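For reference, the structure discussed in these notes is given below.
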Amino acid sequence: MSGGEEDFDPPTVSEINGKGSHKLDDGTEAFIKKELGEASICAKIDDIGWLSFISFAWVFDYLWKAFRGKVDQPTSLSCSIFDSANVNMTRLEIMWKEELKTKPDAPSLFRVILRFMKYRLIFACFIFSLCLIFGFIGPTCLVRGLIAFVEKPARNPDGTVDYFSGAVIVGIMFIVEISRVLLYGACWAVSYRTGIRVRGAVLALMYKHLMNSRSLRNMTPAEIVNVCANDGQRLFDAVTFAPLVLIGPFVLVGGLGFLLKVIGWPSIAGILVFIVFDVIQAALGITMVRFRKRAIAKTEARMNLMGEVIRSVRIIKMNAWENLFVNRITKLRAEEQQCLKVAGYAQSLAIASGTIVPVVATIATVLVIVAVGSDLKASDAFAAITVFFVMLFGIRMIPYGSRYLAEALQSVRKIQAMLLSPTFDPAIPMPRTRDIAIQMKNARFVWDIVEPEKADKPESTENGTTENGTAPNTDEEATLLEQTPRPDFALDQINLTINRGELIGICGSVGSGKTSLLHAIVGQLIPESGDFALGGGAVLAAQVPIILNQTVRDNILFGLPMNTQRYYRAIQAAQLSKDLEAMPKNEQTEVGERGVTLSGGQRARISLARTLYATKDVYLLDDVFSSIDKNVADKIFANAVKDFLSDKTVLLVTSDAEYLAQCDRIVYMSEGRIAGIDTHEKLIGENDGYKEFFEHYIQPTQYASRVSSPDGEKPVIEDVNEEKETTGSTDKLADDEEDYGLANVSKSIYAEYILAAGGFAIFSVVIAAFIINVASGIFSTYWLSKWMNDVHKDVKAPNGTVYAQTFANQPDLSFYVIVYTVSLFVLFFTGLFKAMMFVKVSLQASTNLHNRMLTTVMYALTNFFDITPTGRILNRFSKDMDEIDVKLPFSAEAMLQNVIICVGFLAMIAWVFPAFLIASLPLFGTFALFFLCFRAGIRSLKRTENISRSPLFSHVSSSLEGLVTIHSFAQTPRFIDGFKTKLDEHSGALFLFQSAMRWQAVWLDLLVVAVTIIVSTFIVLFCGTITPADAGMALAFALQMSGVFQFAVRSQTELESKLTAVERVSYYYKNIEGEDSTEDPTIQPPKDWPSNGDIAFQNVTMRYRRDATPALDDVSFEIDSGDKVGVVGRTGSGKSSLANALFRMYPLESGKITVAKLDTAGIDVHALRRAMAIIPQDPILFAGTLRFNLDPEEKKTDDELWAYLDGCGLKDTVQTLPEKLDFKLEATGSNLSAGQKQMICVCRALLKNAQIIVLDEATANLDSATDKLIQECIREKSAGKTLLLITHRLGNVADMDKIVTVEDAKLKIENKRGASEPLYPILAPPTPTTKESSEPAPEEPTPTTTINEPEPSESESPKSE
């Protein structure tokens, strides 16, 4: 805060490095340079004076510029260096390590956080205590004194009223109230900075720990994003409210003492009311805490499913499962809503009961005074009412405190669990001999506990479950895993010595441990026993590449300094030159999240170029050729592996016998052990397992294109279709809904929310309930004033005796008591009705908004998911829905309640002092300026805060998905620094927004002080003409407005800021273009369609974007029902685009496609997709039962499921499971091997019994044995059906009826083969070869020359599965 910190003069980097013996690390030095060089708006906080600090006046300059329209989007909103994540995380990390050292058995992050902020918390509590003292002086001394002045005015010696005495009281009241407001502002000023520091330190420490962990264990990146979004905010809220919660209840003690002194023991009735309501509040608080906790758990379950759905959206669309998953998410949402409803009732009743406590306490006290026959002066009565309202503050803190503390405690426990997970030490011992690169002796490695590598490799491809960390299985027919805390799979008895400069090939069946071996070398597996040494740094090119939302150059450099010569050599070796030439901005082209604007082949080669660019001693290439067509793979093997890395140690995972034959030695893996190490020739002759492995392997090198390669005629451009996959003239992905602007939240957004809540009629009922509730509370105070006016009059008895009336001695006592008591019941029941009604209406609104957005997103066009980062979509369903669920209703309820109270109070003051209307005109003008002019600036800050979240969440998501790659490149510190920078940007935006809100509150409170002083002045001036009761009532209302008025306006501003969440949600369901509606009966095909599998493309042209080159260019062909068609072609040629066009994933520019003689453009898209089956390259499974994954729509009987499982070779395996068909699969099917997952996908597709089956590289990443099994299963089950097989394994198309060759978006088709001759004799399964193919033969190239460059994982669509 201000004070000591503002006078701090940061030293230069050179000064810091010059002091002492400790040199700063690069990250810290860069951080300090940045902080010293860039002054943001938020950094002003360190240079301001104390008065500007506690009144938030420093924010005014920005708001004034915003009002005048002179604010551009700030280039830097980084918070102050004292509030930065880097500084505070370092401090918290030291404290956490001390906690682990002193209390290893029971460490507490909560205790550490308390230590971290204890002095600032104590200071804030001290300031707030002073604020409460000044708040008490007003009602206890000054209100009572002023009303007493009206009752018995001080007189001058000449008998006139001594107005100076009254003016002194007014002056003291002015000073006291100003001090109270400023102290309250100071408390918030300190607490905001404390909250920013705690939030930044905790989130940065959590992220750093996760980035230094071997795996995410049982978490997903979506869950971590949710922690950053919601749990970080809960920590901030809890810390900022902590002083109010801790000190607020002490007001009750002070109030009790004052009331006993002034009113006597009858005031105990009022105190008892407070105690009863305290108990009620506590019960409501506990209820709210319990159900909020349940709601948070339900929210996390919904978000996990939502993350799964968004990641798998293409396969969901291709199977027309949108409605199925909408129902699943809606069901989870309904469960979440039930918890939110109970928590909402508890919160609303707590708020409602809190506001009526002072009124009820006053009524109870007055009724007891009447009952015992005592009297009550106006000065004492209205002083007591004011004290009761001050005491209300203490009771109000109970529900807020319970909620914030409960949510924060749960968040802290969740983060603590992450911090207690083990981290890995990247340091690996060096071998004793310099000639040795890798040495293992009797080594045993196991995966990290619970689902390791889940985020990095959501689906395994080449090595089965070893890729996502469970790796239990060593055979495609092996038993499905039970879910155990530690996977059974391990690398065991590994004895391996690799010399420097060796080229080592690694092969083996699915799940044999190939990827596990590479991960063990880079430290991702836990070494349990044996010896392991690594000579130098190792870098891994993972099979599933991490592509960041940056330029191609940044993705290749990956944080390393630019070395131009090596950089361009790496690009050439990875065969990327032609790709870059075709991109709009060459290497400066920005690629999307997870490489969604690139084909699979391009992603793989960018990842390979990144690996080549890194200067390391050991290079680990994990099946990098699986997603690259053969022709390009040959070039890469020659130029990159054999030439570029000729002097390096290279470990290459591959199943290609040609490449293995050129390796110095081969490591053959089986069941987690090394089953053989030798050359290819010797292993073939001596190792039966190796020989059997290659007997099942279909060599992809012996076919005509190897003999008559087009290389001699023209250069091959593998990926010429990037233009269709990039965003065209602009590389930035669409940001429309992240609107940055100063425009008002339009009335349509308010109307949208009201309509979602049930319409204007329901809204009117809610408003009426609020008005009646507030009016009954004001009426009770008015009735007390009238009662006192009527009672405190001298009454002349019939006998002429004049006597003074008291409460216990008056003719109309019963009338006043009955009306007063009735007002109590009206107050109670209207409060109850209002609370119940409001919760129901607000929850209905949030659920309707959620369901509309969900339905729209699920039915959106595919290109929406191509250009929208996953983090942004999840942000809508997590952070924005959390605001609509919880915070928006709170702000709306507070705004409605307090606005109506303020209007009522002002009306009553004007009724007592009509002149107040004239005197308050300047105040209303000032208020209008505040309310109308500065809302724009506050709204823009809220939008900026919203926008700054998305880069932060995208960074978290992409970095955690690429954890293994980041570790192997030793880039963890860079990503941690990037997280800190983005977190500081968001913290700065959050701090500026909160400060602007508090600035408004402080200055509105000062306006209310002016109202109080005007009323006090009128009381003094009109002394003698107004009754003490009326004076007391007017002053009580004026003082009560102090917190109420600013809270009303602030709630309205907060409501507007929360409505930006409604705006963002409604943007989705209003602007996202959807696919055809399934409700239109006119576009439904006949019930028996398709009766056959005829397919015809007629002059089809399709682009992925309007300004892109065609993915299919004037393509025409026909396929007869029952034909088996192989589709081949090189990377980016448009093979997968055929499937995209057939399934109408993208609109056609021209031409038409017919299925069973029916134009697909004229029928419902979902009916079309249900009529076909597709088996994608990446096996997509969902968390749930095996039964659900086989038959998501629950249309098949158990007998049918078992029959198909039997046909796919899975029946015996599934029958061994205790749960059988109800066996629980984890997210992405991570507790299965790759072969099992793909077999389940095959079984699922065949269960559809569709006339047309499409295999889009379905077996590209599986070993040949598993491939053969799956192919046989498909052939058997698809007899008589049309089969389209997109593949790069030419053996799979040997028995096809037709071959479709795709090249540069054009198409060639081979006619059916004759009965007596094979289509391509040279495609017959070969024997393994141990030497390179011969030189190109001189004969004329046949049409098969273009069937040579398959690419397994690439999908020409902008976003592959």
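Cβ coordinates come from backbone N, Cα and C, glycine included.
Automatic prediction, not curation, is the source of TrEMBL annotations.
Among the features that TrEMBL reports, compositional bias 'Low complexity' is placed at 461-470.
Sequence annotations record features per position, and here TrEMBL assigns domain 'ABC transmembrane type-1' to 123-407 (among others).
Taken from TrEMBL, the feature domain 'ABC transporter' applies to 475-696 (among others).
The annotation domain 'ABC transmembrane type-1' is assigned in TrEMBL to 765-1057 (among others).
Per TrEMBL, the feature domain 'ABC transporter' maps to 1095-1329 (among others).
According to TrEMBL, the region 'Disordered' annotation covers 1-21 (among others).
Taken from TrEMBL, the feature region 'Disordered' applies to 454-474 (among others).
Positions annotated as region 'Disordered' by TrEMBL: 705-733 (among others).
Summarising the annotation, TrEMBL assigns region 'Disordered' to 1316-1361 (among others).
Per TrEMBL, the feature transmembrane segment maps to 121-147 (among others).
Summarising the annotation, TrEMBL assigns transmembrane segment to 167-190 (among others). Long-range neighbours of the transmembrane segment (167-190) within the same chain, counting only residues 6 or more positions beyond its ends whose Cβ lies under 8 Å from a Cβ of the stretch, are 1-2, 51, 53-56, 120, 123-124, 127-128, 130-131, 134-135, 137-138, 142, 145-146, 149, 240, 243-244, 995, 998, 1001-1002, 1005-1006, 1009, 1012-1013, 1016-1017, 1020, 1042.
Through the fold, the transmembrane segment (241-262) approaches residues 121, 124-125, 127-129, 132, 136, 140, 144, 187, 191, 268, 270-271, 274, 278, 365, 380, 383-384, 387-388, 390-391, 393-398, 400-401, 404-405 of its own chain, all at least 6 residues removed from its boundaries and within a Cβ separation under 8 Å. Summarising the annotation, TrEMBL assigns transmembrane segment to 241-262 (among others).
Counting only same-chain residues 6+ beyond the ends of the transmembrane segment (268-289), those with a CB under 8 A from a CB of the stretch are 252, 255-256, 259-260, 342-343, 346-347, 349-350, 353-354, 357, 360-362, 364-365, 367-368, 384, 388, 391, 395, 398-399, 401-403, 406. Annotation comment: TrEMBL describes 268-289 (among others) as transmembrane segment.
What TrEMBL lists as transmembrane segment is 349-372 (among others).
Marked as transmembrane segment by TrEMBL: 378-395 (among others).
What TrEMBL records for 753-779 (among others) is transmembrane segment.
Long-range contacts of the transmembrane segment (813-833) within the same chain, counting only residues at least 6 positions beyond its ends with a Cβ under 8 Å from a Cβ of the stretch, are 349, 352-353, 355-356, 359-360, 363, 366-367, 370, 769, 772-773, 776-777, 779-780, 783-784, 787, 790, 807.
Same-chain residues lying 6+ beyond the ends of the transmembrane segment (895-913) with a Cβ under 8 Å from its Cβ atoms: 351, 355, 766-767, 770-771, 773-775, 777-778, 782, 920, 1011, 1015, 1018, 1022, 1026, 1030-1031, 1033-1034, 1037-1038, 1040-1041, 1044-1045, 1047-1048, 1051-1052, 1054-1055. Sequence-distant contacts of the transmembrane segment (919-938) (same chain, six or more residues past either end, CB-CB distance under 8 Å): 62-67, 71, 742-744, 906, 993, 996-997, 1000, 1003-1004, 1007, 1010-1011, 1014, 1018, 1049, 1052-1053, 1056-1057. Restricting the average to the domain 'ABC transporter' (475-696) gives a pLDDT of 81. Within its own chain, the transmembrane segment (349-372) has Cβ neighbours under 8 Å at 259, 263, 266-267, 269-274, 277, 280-281, 284-285, 288, 381, 384-385, 388-389, 391-392, 395-396, 398-399, 773, 777, 780-781, 784, 807-808, 813, 817, 820-821, 823-824, 827-828, 831-832, 834-835, 893-894, 897, counting only residues six or more beyond its boundaries.
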